[in-house]
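The following block contains the structure, expressed as structure tokens.
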Amino acid sequence: MTDQIQRFLFDDFEIRGEIAQAHQAFQQCIDNHDYPAEVANTIGELLIATSLLTATLKFEGKITVQIQGDGPLSMAVINANQDLEVRGTARWKGDTTGLSFLELIGKGNLMITITPENGERYQGIVALEKATLAACLEDYFVQSEQLATKISLFADSQSSPKQAAGLLIQTLPASSENHEEDFAHVCALASTIKAEEIYTLKNDELLFRLYHQEQVRLFETQPISFKCGCSKERCLSSLASLDPTEIKEILEEQESIEMRCEYCATTYSFKEQDLQILFTATDQKH
Ligand SMILES: [Zn+2]
């Protein structure tokens, strides 16, 4: 199954939806990290949540969806752009075995930052107070967009291959008298979805299973892919912001400076000759 998101509309209701699967991108996000299952699954859910949000909010630019808390999982973040190129990372400490979402996060927030290519940066924050990430995101939509939304998120970091998927149901600006009933009906059926179904079924089969009495129109799919923007050049420019004397001191003690990308775990190694440019640039300043 390919990593993708697909929108759909109900012909007879003022309701829209999206289905996302990102098994490979999830695998790539957690590859080469020793995340415990609970942390990895949260990254998987956050990855799907970010993909659903990106497709909903329609912008050209970058989006960052970040969880911060005072629990064992202090930070988890997914970066994405309008082409649904995603990457993610997390910081945790201690034993997370068997912890629920709220036990993992403690007291915390969900932060959504959109940096459009043109226009002003937008930041939305919602307190993480519900039992699941999906429910917290539903709060976000009600608070910041005034849109009733139902979200289901699934991630399994222990299966082989790893699996992550999700479903979003959202109200459109509605005029129908029965809209509330229609929305409740569509959400009630959405909540019967099982992880196995969304992981493995084709979207049309899945929607037929859920909504065989309704007319549902599926739109074209959009791919989701893992992409980390790190490079040796970017590492070098972050080294350039340090005091060159400090760098020289480190190089006197060890042969090279290693920098590991916290997203994709690529390690970049710099020897003295690679860093000469930093020292020369400083010398010229004096
Ligand atoms: Zn990287």
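Glycine is no exception: its Cβ is also placed from the backbone N, Cα and C atoms.
Bear in mind that TrEMBL entries carry predicted annotations, made automatically and left uncurated.
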Going by TrEMBL, which one of Cys235, Cys264 is joined to Cys261 by a disulfide bond?
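Of the candidates Cys235, Cys264, the one TrEMBL pairs with Cys261 is Cys264.
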Do you know offhand how many angstrom separate Cys230 (disulfide bond) and Cys264 (disulfide bond) by C-alpha?
8
Can you grab the distance from Cys228 (disulfide bond) over to Cys261 (disulfide bond)? Cα atoms, rounded to a whole Å.
9
